[in-house]
Amino acid sequence: MGSFNTSLGGDFILVGFSDWPELELIFFIYILIFYSLTLFGNTAIITLSRMDHRLHTPMYFFLSHLSFLDLCFTTSTVPQLLINLQGLDRTISYGGCVAQLFISLALGSTESVLLVVMAFDRYAAVCRPLHYTTIMHPLLCQALAIASWVGGFLNSLIQTGLMMAMPLCGHRLDHFFCEMPVFLKLACEDTGGTEAKMFVARVVIVAVPAMLILGSYAQIARAVLKVKSVAARRKAAGTCGSHLVVVSLFYGTVTYTYLQPKDSYSESKGKFVALFYTIVTPMLNPLIYTLRNKDVKGALWKMLGRAAATG
């Protein structure tokens, strides 16, 4: 029997995908490729946003924060997963597990809030174009970014603290990283009150932002339909469409994992869903924004041209 509050020296066993040994090598190759693309793509977005003056706008300021979040979020889970897939070491210490739980939850929560901020930025750009520069003042942008980070880490601190107070039976985690729904499965006492508090926190950090984003895009859709210029309508749809795709990918998978009852959560399905929002989505985000955005593509070709000229 082990618990967060008594067995501080115990290790957890991350089962990962060991139930499908024939798939582990395939998973290792694909995940390594996806992780490499994630590192390259998000680093490129951050570099471009800082180097090209045309991208010194609120939209790309928040996009660089999203890219940094994706870099950190993926790195908090993927290296451990790659080691696990090689079968070299499937254990993780108590301290390492708590740290991974806190960091991954904090970064995921921060991204949830940041996507709301990005939706507000698109709302201001489309629905209040004449007042956009006044509304999205650099000081406000910085304050919104800081609020996203503080809100995400505060949510993680609350939920991790509640989790650490729960007695757990066993050390076997049927997952590839330390994630909250798996810990809830290990609870060996009736923790209904604690779980209710944690569910409220998850609703606040997942469901409420999702509803705010839907409300923002409902207003954006109304504004776009009123635009007579086809070119202006396409531009608005292009810039907002990329963000809407990212939002759908993120909230669709996170909602499945975090907003369903503990008894109905499937650990085997949960692992594959988690692969999507920890590996696939961070890899796709730079591609979505780059392929659908002329400014980013222009800045990328400009930077590549400079590199070729100097080389």
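Using the three backbone atoms N, Cα and C, a Cβ is placed for every residue, glycine included.
Bear in mind that TrEMBL entries carry predicted annotations, made automatically and left uncurated.
Annotated features in TrEMBL:
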- 41-289: domain 'G-protein coupled receptors family 1 profile' (DOMAIN)
- 25-48: transmembrane segment (TRANSMEM)
- 60-78: transmembrane segment (TRANSMEM)
- 98-118: transmembrane segment (TRANSMEM)
- 139-158: transmembrane segment (TRANSMEM)
- 199-220: transmembrane segment (TRANSMEM)
- 241-259: transmembrane segment (TRANSMEM)
- 271-291: transmembrane segment (TRANSMEM)
Whether the transmembrane segment (60-78) meets the transmembrane segment (199-220): three or more C-beta pairs under 8 angstroms
no
Do the transmembrane segment (241-259) and the transmembrane segment (98-118) share at least 3 Cβ pairs under 8 Å, sequence separation 6 or more?
yes
